[in-house]
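Okay, structure first, notes after.
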Amino acid sequence: MLSRSVASAVTPVSSSSLLPNSKPIFCLKTLSGYRSSSFCGGCIRKINHKPLRMTSSNITPRAMATQQLENADQLIDSVETFIFDCDGVIWKGDKLIEGVPETLDMLRAKGKRLVFVTNNSTKSRKQYGKKFETLGLNVNEEEIFASSFAAAAYLQSINFPKDKKVYVIGEEGILKELELAGFQYLGGPDDGKRQIELKPGFLMEHDHDVGAVVVGFDRYFNYYKIQYGTLCIRENPGCLFIATNRDAVTHLTDAQEWAGGGSMVGALVGSTQREPLVVGKPSTFMMDYLADKFGIQKSQICMVGDRLDTDILFGQNGGCKTLLVLSGVTSISMLESPENKIQPDFYTSKISDFLSPKAATV
């Protein structure tokens, strides 16, 4: 069970409060604005968090001074734990990125704790463990944290009533994690086959025992799911709207970028006029969970990722060191763009640059 500080909810920051051309970000806040008193049951401590706003005053000098990683050993020796994103860092689609096995082996040999965090909710932790194994990587299930798991862990952290149900817009990973956590659910891939036949006076029914709608990446997304989720959120008192992530794009294959989970979440935002509670990166829920579980000091963590608005912001929100790799969605031109307000501590071409005391030139 998580500490109450970890159990605080994630609340969205209004897009009107952001700098021009920056993307919405999320921070921890009490759930009191989203849940009925009957749901809360006193399990959530009210915390007077102010929404995090990206302004010139809180972009720190440290964040403004990105350096190319030149001394890999110095960074490695300065932290105890490395948190790695997966897509674009460890693999692209189903292809392993060059040098990854040797890099992970080297870090383990140096006594470093390795954790793998992904916003991809299509698989459970166990299923991700099999993917690591298929790619020839020796990774323990306890080292893997997917946003599918984060959704179930979040519901556990707020003592979500076991007599309430969760409607899932997403794939098998979310269903498996909810089942392992002991929650009732409906929806998922099966609802991808459902269609709505509109007739005069037609009224779509929905389950009034649904207390949360969880939205993640969904290749079976359709109008039925949008309407069902909308009805639950708008008509069931205290119903939570939870998003595993708001990633704009994802890597289903290594050939191109594909529309990400944010496109599914956006549809529900539009229909409900509600902002979701985001449990994946860049919200600090998973970072707080990991720090709580492993007893990690956040100052002793380096977050390694390929996305500025999720991975790097995730690390910065958690007070960690950050390393951007250019093996995924972010290019050097995007990093150096005047419009980019999210600057990592370091950047390099790929994680195998750790193998050289003097990192490769980008």
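Cβ from N, Cα, C; glycine included.
The transit peptide feature in Swiss-Prot is assigned to 1-54; the stated evidence is a large-scale study or a structure entry.
Feature annotation from Swiss-Prot assigns N-acetylthreonine to THR55; the stated evidence is a large-scale study or a structure entry.
Annotation source Swiss-Prot lists active site, nucleophile at GLU80, citing similarity to another entry. Close to GLU80 (active site, nucleophile) in the fold, though at least 6 residues off in sequence, lie LYS112, ARG113, ILE296, GLN297, GLN300, ILE301, each with a CB less than 8 Å from its CB. Look at GLU80 (active site, nucleophile): DSSP puts it in coil.
Residues annotated as phosphoserine in Swiss-Prot, with a large-scale study or a structure entry given as evidence: SER356. In the three-state DSSP scheme, SER356 (phosphoserine) is classed as coil. Taking Cβ-Cβ distances under 8 Å and a sequence gap of 6 or more within the same chain, the neighbours of SER356 (phosphoserine) are ALA72.
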